[in-house]
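Trainee: Sharing a structure here in structure tokens format.
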Amino acid sequence: MTITPIDATTTAAWEALTAHQTSLEPDLRAWFAADHDRASRLTRTVGDLHVDLSKNLVTDQTLALLVQLAGEVGLAGRIDAMFAGEHINVTEDRAVLHTALRRPASATPPLIVDGQDVDADVQAVLAQVDAFADKVRSGAWTGVTGARVATVVNIGIGGSDLGPVMAYEALKPYVADGLTVRFVSNIDPADVAETVKDLDPTTTLFIVASKTFGTLETLTNARLARAWLWEQLLAAGAIEDTEAARTEAVARHFVAVSTALDKVAEFGIDPANAFGFWDWVGGRYSVDSAIGTSLAIAVGPHNFRAFLNGFHTVDEHFRTVPFEQNVPVLMGLLNVWYVNFLGAHTHAVLPYAQYLHRFAAYLQQLTMESNGKSVRWDGTPVTTQTGEIFWGEPGTNGQHAFYQLIHQGTRLIPADFIAVATPAHPLRDAGSPGGEADVHELFLANFFAQTKALAFGMTADEVRAAGVAEEIVPARVFSGNRPTTSIMAPALTPGVLGQLIALYEHITFVQGIVWGVDSFDQWGVQLGKLLAVEIAPAVAGDADVLATQDASTRGLIEYYRANRT
Ligand code: F6P
């Protein structure tokens, strides 16, 4: 039975938050000056993550009202429903159980959902992925010529790409010597062409990663990769020009990850080389399923398990810790505060960790495909703004690009800053003007300085006191009161990465529950896909199909056909 979402805007907490917002005059300078405990009181811990919420535009009362709101929309019940495997993905009538992917093998009692022993299924596939990863890493798995794998190419898009590529980049220091993973996602032929052009086919393994095994981009790229493999192996004299040799080449150089194992077999990949998962894993929540096989090969089964344990630590926190101390709950509620009460439209995620350079791109799918909805899970229109535009780049690069707008622009942009204490590369700069410097410390000084500048700004008097000419004082003033959350961890380990991902998964869930949307469907991506199939013949020259197009689309296609050389 579908429960009706509780309309957050009708709750007493919403009314109280509206009144509270009207009377609140955020003043982080004054708040910190008057309240020496503010930083410690508003800092929380989850797993290895130290999360300082104190530079947000909230008082204790704001947080209390937000927690009240979570209670009034029934968040606790929805969390329980998700972990129990209820079909909370209403529009697709599915359970939402990415949390089951990281339950330890020893978890009791077993999780039975829709008559299936989910734990047993998960552990069986994990064992398969581990065994395969070990074979590739040890050289026991070879290509047709007997050469061991040097390059893994993951072919997938959306959740079947963004998670693996983000995590692979984040965990580069853990990647085995002699192994590289590349990623092909775009149907722009430039992507696959550039990715394979310098590869040795005899040492290349392709992983076709697609939940549905029906995604146009992925299947097209997989066929292009297969054609490239055959052509290159033939040219190198590595295989005979026979059907049997081609079949054998695919068996040795292609594996697949999918929920649709029948379609994998149709493509020609041996089902013995296919790793399954289940429809209760959303694409954007799947990096911790067999979709992470490329990562498991790169960093090894041991580190992949540590990655999963990191997720589980945050899952347990989210499931059990009271809302006042619950980091994903508080961060999700803060986002609601900014979007619905303070008018923010976007949210910056700014990792001070070069290895996290794809983290914001990953979060874009996680958050925006989940919560970019205009109807609630019962089909009624939403009653308030939903979603936020997530974006970001690693610091300090962003400082020299878009931070100007965050510091002095007219928009409110809440930002999450992420940093780790221990660098992967403890380099020192012997030629630093102030004497030999630890470069990671210079890097972190920027991290600390930015959130400080955003929170406390610089007044006109302070600008004048620095000797600035009066006419440019206004341009040099920083208003401050620009909210940030600082997240720190001891180091960017597989476990910490898992914790960070799970944190944002659950933040997204909290926002979805407050807004009453189904955070686990993605119908909004369908129309464009259908139209692309419909338009394709016109692009290829079918005049009848062209004639049915609107004038703008027709004109654009005609331009293409006239200008293609
Ligand atoms: O088009 C959106 C989407 O369905 C995503 O939700 C998904 O992650 C991506 O496409 C890829 O889908 P698949 O893994 O089935 O190829």
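Each Cβ is built from the backbone N, Cα and C atoms, and glycine gets one as well.
Just so it is clear, the model here is predicted, and its values are computed rather than measured.
If you look up TrEMBL, you'll see E369 marked as active site, proton donor. Taken from TrEMBL, the feature active site covers H400, K529.
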Trainee: Could you tell me the C-alpha distance between H400 (active site) and E369 (active site, proton donor) in angstrom, no decimals?
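Mentor: Rounded to the nearest whole number, the Cα-Cα distance is 29 Å.
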Trainee: For K529 (active site), what is the tally of other C-beta atoms lying within 10 angstroms of its C-beta?
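Mentor: Result for K529 (active site): 12 other Cβ atoms within 10 Å.
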Trainee: Sort out for me which one of E369, H400 has the most neighbouring CB atoms within 10 A, since those are the active-site residues we care about.
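Mentor: That would be E369, with the highest Cβ count within 10 Å.
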Trainee: What does the structure give for the C-alpha distance between K529 (active site) and E369 (active site, proton donor)? Integer Å is fine.
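Mentor: Between the Cα atoms of K529 (active site) and E369 (active site, proton donor), the distance comes to 15 Å.
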